[in-house]
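Per TrEMBL, these features apply:
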DOMAIN    151-221  domain 'PAS'
DOMAIN    225-277  domain 'PAC'
DOMAIN    307-441  domain 'GGDEF'
DOMAIN    450-708  domain 'EAL'
Amino acid sequence: MSAEPDGPEDRLRRFATIWSRAVFPVTSTSLTRPEFEELLLPLARRLRLALLARAFDADEGRAVGAALVGAHCTDPEALSRALDCVEAYLVLYCGEDGPQEELRLRSSRLQHAMAAGFAQALRERTLAEQEAIAQAALQAQGVVAQALHTSEARFRAVFEGAAIGIGIADLDGNVLQVNGALQRMFGGGEGAFRARNVKDWTHAEDAPQVWKLYDELVRGEREHYHVEKAFYRPDGTVLWTNLTVSLLRDADGRPQYQLALMEDTTERRLLNLRLRYEATHDALTGLPNRTLFFERLEKVLAAGEGQRFGLCYLDLDGFKTINDSLGHAAGDRLLVEVADRLQSCATAPGEMVARLGGDEFVALTTGPNARHEVDELAARIMNALLAPVRIEGRELTVRGSIGIVEGAAGERSAAEVLRSADITMYRAKSAGGNRFELADPEADARAITRHGLTTALPAALERGEFFIEYQPLVHLGDGSVRGAEALVRWLHPQHGVLGPDRFIPLAEDTGLIVPLGRWVLEQSVRQARAWRERHGDGPLRINVNLSPCQLTHPGLVQDTVDILERAGVEPQVLCLEVTESALIGADDDLLKPLRRLAEMGVDIALDDFGTGYSNLANLRRLPVSVLKLDRSFTQSMQQFPADPVDLKIVEGIVSLAHSLDLAVTVEGVETGAQAEQLRILGCDTAQGWYYARPGPPERLHQLALVDATG
Ligand code: C2E
Ligand code: MG
Ligand code: MG
């Protein structure tokens, strides 16, 4: 018995179960479903090993594809379902804790190999079947020589009844007879074949050896050959076949006729092309995907001396906000529009645009002048993004950050080039976005990569590398400290203290945000209790930020209740901050847990208010009790006198908030003048460097004591 309920073996088994459920209904196996699952289990294990292996081995994927054919999963639908299943579940159940991005890439290459192995095995099986028919025909033919009567009838039956196309021609190529199946494949009655010569059936895509094999056969130098060959039908369309041609000899062994057996593979070929297309293109935008881009980049980098490449790695600025606030459908439309614009920027030969995932795109240019051309390409892209995108009646401004890498073939691997581009893009983003930067090897070496941080995150939580700083929330009326916001930091062993902007998005992507958020909540609530014990005078409240993923996590309410109870802290002491963009467009299901928390007495604050695309009328249906005005409002009050329009806006928001019974907190107060202005405008509490920067919990306690006594 395994003590661990969810070990790799269990997950592998679950993957095999899902796989067998998906594929079993479309197989023609005589096995039961559980037996079929047993058969898939070793294949699943093979995929898992190939997924995690140090070096990629396409043979493994091909072997699994071939094994599917062996298991009677010969229907193209069975392959399609198997690939869907690998796409959706392989990394999930078998990916361990490996780097997701690489695993995904590996998984799609495996799918590719599976499709190829499947097609190959299917083809070999068909050839074997054809061979058997040819044998039967030859046998029948042999019998013709001995007992014409019965054999003639048998041969007729084989000839006419066969599902496969059969034709007989003499050694000069004159067609003598074709069966019904062959006529149907060509779609033009027997007349289409009469007086035709085999040698007329050339096709532009004929492999060079096709006609060499033919000549050898009619000269009697070979008994048969198999090829894949295309034909033009009388109506001009193309018929693809698996063609087997055999030499028929007379009773004395002299070559006499040629017998062609052909199977129509047009559909299967189309399916293969479609599978290849789907495996290499992004379903949303139709652009080449990461797999195809990698193939292309690898090819360019493997090209000989003198070849140069230039690559632009684009990430949209603030796409997440648009997605969160306007919904995924609008986000998708935006991506499609961006994809179209990018494509129009890279139309020259040797140029290519691909979508790597999410809001990340790449544009590649090649050729001896790539160094110069890539700069122009980046400028064209920035330019193409300038015009706003109209979606649902709104004009959305799209901006992007681009990392440019340029170089000669043969110096670096594709993965290294992409890593450098990613780091450079990130540098452009950190410098404020809406710009492009050129890769710099020194900066690359120093860079803290997203990938590196992402893989280090889980262990960091276990090793206790996170800590919390607290920033006081001050009452604007009397200047007293009312509480504090908990802001998490990561003391990274190599890179020192990292701010939440560096790692919260990564934790959100990987799901680690749930345990991390729970840890922050637990620590903060305990801290609130410690403050209360030392500072009797009215409890200090604690604000804790919640990520959108935490909102949808089913354990949110229960976890919060447990944490409060364990610490012996009243719900009223806690305020959960949720960003505006996470709540706008939220349906009732999403709001339910927040509503339950609000009913218990937990405050809910709308964080960064004013940055999303929300409308104020929406506020009424949200279970919030506090508005936190975004820093940008405070910033606009920095100059003196402040812009009267800005003042009016803030005043309006404050009065609307108060009329809805919401308290207003302002963020980013850096000067006394700002504080005074905001007090006059009616804001209730404030937070900012003017009062204190985020700091250790003891500091807050001292501050609170000062104003309690002073
Ligand atoms: P936020 O919730 O809007 O937090 C306020 C941010 O403004 C903090 O940045 C704070 O250090 C900064 N700030 C405070 N006063 C001033 C000022 O006077 N001037 C300026 N220029 N900035 C000021 P920080 O700590 O980098 O946090 C960034 C964001 O990370 C937070 O924005 C919050 O959304 C997120 N975050 C922080 N801790 C957590 C957490 O535990 N969980 C989650 N989910 N998100 C967190
Ligand atoms: Mg906050
Ligand atoms: Mg904020």
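One-based numbering along the chain as shown.
In case you wondered, yes, glycine gets a Cβ from its N, Cα and C as well.
The structure displayed is predicted, hence computed values, not measured ones.
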Ask   = Tell me, what is the mean pLDDT of the domain 'GGDEF' (307-441)?
value = 92
Interface check, the domain 'GGDEF' (307-441) with the domain 'EAL' (450-708), three or more C-beta pairs under 8 A = yes
Note = Taking DSSP helix as H, G and I and strand as E and B, the domain 'GGDEF' (307-441) has 61 helix, 43 strand, 31 coil
Ask   = Looking only at the domain 'PAC' (225-277), what are its DSSP counts of helix, strand and coil residues?
value = 12 helix, 30 strand, 11 coil
